[in-house]
Amino acid sequence: MATDELSSKLTRRLQIEEGAEEPVALDGDHQNGAHDKPTTASADSELGAKLQRRGELNEGVGEHHQPSMKVLNPYTEFKEFSRKQIKDMEKMFKQYDSEKDNFIDLMELKLMMEKLGAPQTHLGLKNMIKEVDEDLDGKLSFREFLLIFRKAAAGELAEDSGLHVLARLSEIDVSTEGVKGAKSFFEAKVHAINESSRFETEIRQEQEEKKRQAEERKQRQAAFKELKSAFK
């Protein structure tokens, strides 16, 4: 019932907006206005938002956006960075994602830039997000955050831009020579092979480090048990 009433109101409001019908005040509205106003405030607000969105779409200002279902694998998509670099970026992202919703919104970006010692204006922050905001949701996903460092490494950011300042002050070294810098196809192939080898080496080093830590843990536990049994 409430859905039908909302649909009727939406249709009537659109007709009034288009000039097809004049607004008419009903007596019942005057009699029950004071009683209905609190209960319909939320519906009117939602209706207003829908009308504004509909107008933007009709004028070509807004666009329909579907959330991406693609699962991000930063190690395969951002091959120009080492695993350590990506882990450092992820650590930084999570540090400022105070709401833990896997996004950095405008206020969280504001705090980040203040902590880095380079506060930005409200408009400056919006422009920073806009430059890498591929899905136009007004906030930064982790992939969009990585795009900042990709653009910085490729020299695609203006030196006076907020994103360039962020990348420079983050203390994450993103200087890298990509395949673009290769002088020939042969050099590009060699570079690709070296990159693959480097990636495998980093994974192996991580595995060895985890194994070493597990072995140390086991030795500490054995020493503790031996010490404990000595006091029995």
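Backbone N, Cα and C atoms are what each Cβ position is placed from, and that goes for glycine too.
TrEMBL entries are annotated by machine, without manual review.
Summarising the annotation, TrEMBL assigns compositional bias 'Basic and acidic residues' to 27-38 (among others).
Under the heading compositional bias 'Basic and acidic residues', TrEMBL lists 53-66 (among others).
Here the domain 'EF-hand' (84-119) has Cβ contacts under 8 Å with residues 74-75, 78, 125-126, 128-129, 137-142, 145-146, 149, 162, 165-166, 169-170, 172-174, 202 of the same chain, all six or more residues outside its ends. Summarising the annotation, TrEMBL assigns domain 'EF-hand' to 84-119 (among others).
Annotation source TrEMBL lists domain 'EF-hand' at 120-155 (among others).
Annotation comment: TrEMBL describes 1-68 (among others) as region 'Disordered'.
According to TrEMBL, the feature region 'Disordered' maps to 199-232 (among others).
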Q | Distal contacts, the region 'Disordered' (199-232) - CB-CB under 8 A, six or more residues away | A | 75, 79, 82-84
Q. Using DSSP, what's the helix, strand and coil tally for the domain 'EF-hand' (84-119)?
A. 23 helix, 1 strand, 12 coil
